[in-house]
Ligand SMILES: Nc1nc2c(ncn2[C@@H]2O[C@H](COP(=O)(O)OP(=O)(O)OP(=O)(O)O)[C@@H](O)[C@H]2O)c(=O)[nH]1
Ligand SMILES: [Zn+2]
């Protein structure tokens, strides 16, 4: 009797991929020598890849199938990698991602769309006036960022038009770092916060994100914008994010097109709580399925506030964030 006959009766065998269906190692091309680059931006199926300062255009190789390639991805590239005009390289492998920022188009959308890979900071650009700040939007972006394992940075622009105090006070208990910016303000605090990191910039159209990027990276030429009254979109209609190197090679900012919504149907309360070490420790005692809101009668966060293990301000801020988001 063959061993295969025995395995067929074994239920656990069903889920395992059949050995024969996998390509054998010796048939699989070895790309370990292929050059590694970073995806800078994507335009109509063409990927801009930066390798050692060379800027090339590439397409996805067929063997990648439906695997997504997104801005920030580290990829292996073969073919013509000279970067010369008219040449096209092929992306054959995507390196494992350290983080993935995702969004769903809206809350009823079951599809998570990966937006940016390998970032470590999420800079939320919000105007203090014109357009007025919306904490619901900030909360949604914070939740998406915590879910992705990114550290948030609140960039409050247009401080010449309104004071930042109320917003700063709202997010201080969560430990969110912030910088306040006016047209003539010193950029040094922002530069320090971005130094050596890969920061995704998100913000509603009109908050002054392009103005900020142009100040940080002279020559980056981000379109500053007359918002189109009909479409609500800025002048440049690109839908892809773009990675821009900070001067002196001191990190990257990844600019994203003005976000109008940040659907969060893929996020669970426990993944958010996990971003806060002190809260996560306490929430380990919550009943199964607890959403950690004020409406959850047995949430362990309440007991921890009552006996002084957690500050009430921190728990309230956390709950406001997860409930308005
Ligand atoms: N008063 C004031 N206005 C600013 C400031 N920063 C930018 N603006 C103005 O706000 C408007 C929008 O600025 P943008 O930089 O285009 O904003 P954006 O967030 O990039 O918007 P999109 O390009 O639509 O994504 C422009 O008219 C800017 O001149 C600021 O600090 N103070
Ligand atoms: Zn709870």
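Counting starts with 1 at the first residue shown.
Glycine is treated like the rest: Cβ placed from N, Cα and C.
TrEMBL does not curate its annotations; it predicts them automatically.
In TrEMBL, the annotation region 'Disordered' applies to 1-31, one of the ranges 1-31, 32-62. Looking only at Cα atoms, residue 209 (GTP binding site) sits nearest to 292 among the binding-site residues 286, 290, 292, 299. Local packing around the Cβ, expressed as the count of other Cβ atoms within 10 angstroms, is greatest for 209 among the binding-site residues 209, 292. Spanning the listed GTP site, residues 157, 158, 159, 160, 203, 204, 205, 206, 207, 208, 209, 210, 211 have a farthest Cα to Cα distance of 19 Å. In this view, residue 205 (GTP binding site) is surrounded by 17 other Cβ atoms within 10 Å of its Cβ, with every protein chain counted. Listed in chain order, the residues near the Zn(2+) site other than 286, 290, 292, 299 are 269, 283, 287, 291, 293, 296, 298, 300, 301, each with its Cβ within 8 Å of the site Cβ centroid. Ranked by CA distance from residue 205 (GTP binding site), the binding-site residues 286, 290, 299 have 290 at the top as the closest.
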